[in-house]
Amino acid sequence: MMPRILLVSLSAFLFLSLLGGCGRDRGADVTFAVGGAPFEIEFWEELIAEFEEESGISVDILRQPTDTDLRRQGLVIPLNAGKSDPDVFFMDVAWLAQFAASDWLEPLDRFLSQKKIDLDVFFTDVVNLADRYEGNLVALPVYVDGGLLYYRSDLLTRYGYRGPPRTWEELVECSRTIQEGERAENPGFYGFVWQGAQYEGLVCNFLEFAGSNGGGIGQADGRIRLLSAENREAVRFMYDLIHRHRISPPNTYTEMKEEEVRASFQLGNALFERNWPYAWALHQQDDSRVKGRVGIAPLPHFPSGRSASTLGGWHVGVSRYSEAKQQSLELLAFIVSYRTQKRLALTLGWNPGRRDVYLDDEVLQELPHLADLREVFEGARPRPNLPYYTQISDVIQRYVNAALAGETTPEAALAEAERELAEVVERYGQD
Amino acid sequence: MRGHTLSELREGYSFMLPLIVFLGCFVLLPVVGTFVTSVYQDVTFLERKFILFQNYRRLIGDADFWRALRFTLLFVAVSVPLEMLLGLSFALLLNQSVPLRGLLRCCVLIPWAIPAAISGRTWELIYNYNYGLANFLLARFGLSDEPINWLGSSAGAFASVVLSDAWKTTPFIAIILLAGLSVIPSELYRQAKVDGANFLYRFYRITVPLLKPTIIVALLFRTIDALRIFDLIYVLTHGGPGGATTSLSLYGYRYFLVGDFGYGSSISVTLFVIALVLALIYVRLSRWSTELT
């Protein structure tokens with residue numbers, strides 16, 4: 001008889017633990033979803049502990065992964081089901097519009113005026129072009145990003161260049177000369193590394209090449225325009241960098257994402273690098289081969305255009321389904337406060353969403369490059385603020401990547417992409 | 001199969017009840033739920049409405065869907081026979097009484113025991129353009145002056161995915177076939193030897209017919225598994241270059257991510273139907289093969 005009792009109790013235990021796993025312990029007032037590298041999450045835990053002590057509001061931290069797609073997936077599922085937690089969460093700027101249009105975000109205007117939080121302390125264009133959706137403020141910037149040109153200052157000096165290139169033409173010329181010189185010792189040396197793999201980063205890079213030629217993703221009377229002489233020239237140039245000038249490696253369109261690009265530059269295998277500001281601190285680490293030999297500058301432009309930088313970054317918002325809105329809003333106010341943003345800059349090297357922190361003496365002393373970054377961010381261009389932006393990005397990624405691989409011409413790629421974008425708009429652009 | 005008493009039946013079903021409940025909750029319900037979602041316009045930022053088969057109609061005109069379907073079927077058609085062939089060879093080798101047979105069997109199983117996400121990452125490092133093992137070996141043995149961009153072309157990426165998958169799942173087939181081989185009575189072989197049958201003759205007349213049911217089971221598992229390939233590709237190529245290695249599951253997943261649950265579900269349902277049809281064919285096949293023997 002004994003084994004049977006054992007079996008029954010074991011299965012009962014398993015069944016109950018299965019049921020138990022579904023319910024969530026709702027001990028805390030507010031659930032805060034935060035992802036990123038482990039050291040970043042640890043610092044958030046420290047900050048939140050202080051917030052709990054000061055405010056008397058208890059916060060549960062929901063650890064999210066580093067990968068952007070997985071973080072998004074972890075939010076879309078509970079929000080789509082109307083779950084009350086997480087209450088407060090970070091969003092990539094590229095999904096803000098989808099979240100806002102799905103009516104998942106609590107409007108913030110009233111709370112901010114109640115708390116007398118001045119919107120002018122944030123980057124104006126970022127707030128107006130990314131955080132506002134149909135007039136409502138739905139999020140605030142915590143971390144601002146924009147594409148930059150990193151260069152090897154030692155190599156430029158050694159080869160007699162006075163400064164980083166201002167136009168793409170200069171970049172090509174400079175790269176060819178130095179690449180030829182450096183190849184004698186380092187056969188894997190390339191002039192310019194950037195993100196060309198098929199993923200969101202490629203769209204950011206494309207927007208910078210195109211934007212610096214006066215092009216980009218055009219939006220007019222409910223249509224999306226891609227096929228223009230400027231964009232064609234930009235894609236052609238991206239292709240040429242790899243196949244004609246051969247100053248960008250052949251794996252640009254297959255493997256090159258942020259980290260691959262950073263690694264190649266940091267190992268001393270590249271003269272120029274297009275990357276986000278996060279790479280700066282890593283290039284300056286002790287184990288970096290380029291430590292103290294790196295400079296940053298705005299990205300180059302075409303003869304008739306101006307330098308363009310794609311706006312990236314993370315924003316904080318409050319769930320519409322939150323059952324503790326007031327407490328959640330308090331947490332949001334804490335996150336975007338001067339004190340917290342300054343500490344994020346000093347401890348994690350984040351670029352704050354508040355521009356007043358960029359004028360802080362202590363911050364500038366620790367992070368002098370922030371002075372340059374501020375200007376880049378002031379003019380950074382957001383991606384189209386549409387709820388179905390990801391579908392648009394998907395189409396552009398695929399066609400631009402195919403053009404880089406030489407599977408189609410820039411002209412055909414853009415024309416095909418534009419045709420497919422019309423279908424996307426027709427499908428998702430109703431209402 | 002006839003002549004069960006009522007109490008026998010009741011006892012039988014009561015044994016199966018937990019499994020039926022489990023399958024009903026965790027398999028049948030989600031399948032039905034996915035089907036229901038697929039007949040709705042279920043986009044997070046649009047109004048939910050019933051649209052019958054519009055999602056499916058959209059699939060028919062969706063070139064990327066056909067491309068993903070073509071890739072998935074081609075992947076099954078190439079990888080499953082390849083793995084079958086390799087798995088059978090391994091099984092035959094391991095069935096011989098060689099020294100350290102137990103250890104060898106364990107070693108063969110290792111790739112199968114490694115999670116696909118990890119083996120995907122490992123293979124990604126092998127194929128890596130700059131510091132991958134493959135290019136290192138090429139340069140070391142002077143086979144190529146320039147490193148090869150393995151994942152850079154559609155054909156290269158396809159071959160890389162097939163190779164990585166074969167490495168990972170061949171052991172699975174080998175183990176199943178090994179089990180099948182071990183139940184073939186050795187007297188048959190001995191007798192055949194006495195009668196003067198050579199190795200090939202013994203293989204075709206004894207091994208193959210008696211192994212057939214096992215082969216069909218292995219094929220069934222592998223085919224369905226290969227149809228749903230996701231993790232390896234997600235890690236290794238992310239569906240690239242230019243969407244050339246996007247499988248149906250990966251394609252459907254993309255739509256879940258961007259909030260179009262209706263369309264994503266219609267892709268999943270299509271995949272389910274394909275898998276179901278293939279499974280039924282295999283089941284038919286296995287009945288037919290057992291009826292013959």
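A Cβ is built for glycine as well, from the same backbone N, Cα and C atoms used for every other residue.
Here TrEMBL flags B:12-36 (among others) as transmembrane segment. Sequence-distant neighbours of the transmembrane segment (B:12-36) (same chain, 6+ residues past either end, Cβ-Cβ under 8 Å): 4, 265, 268-269, 272.
The domain 'ABC transmembrane type-1' feature in TrEMBL is assigned to B:69-282.
Note on the transmembrane segment (B:71-94): residues 101, 104-105, 108, 158, 161-162, 165-166, 169-178, 180-181, 207, 215, 218-219, 222-223, 226-227, 229, 244-248, 271 of its chain, located 6 or more positions outside it, place their CB under 8 angstroms from a CB of the stretch. Among the features that TrEMBL reports, transmembrane segment is placed at B:71-94 (among others).
Per TrEMBL, the feature transmembrane segment maps to B:106-127 (among others).
Below 8 angstroms of C-beta separation, residues 83-84, 86-88, 90-92, 94-95, 105, 108-112, 202, 206-207, 210-211, 213-215, 217-218, 221-222 of the same chain, each at least six residues beyond the ends of the transmembrane segment (B:171-189), sit close to that stretch. Marked as transmembrane segment by TrEMBL: B:171-189 (among others).
Annotation source TrEMBL lists transmembrane segment at B:201-221 (among others). Within the chain carrying the transmembrane segment (B:201-221), a Cβ under 8 angstroms from the stretch's Cβ atoms is held by residues 80, 84, 87-88, 92, 172-173, 176-177, 179-181, 184, 188-189, 192-193, 279, 282-283, 285-286, 289-290, 293, all 6 or more beyond its ends.
The annotation transmembrane segment is assigned in TrEMBL to B:263-283 (among others).
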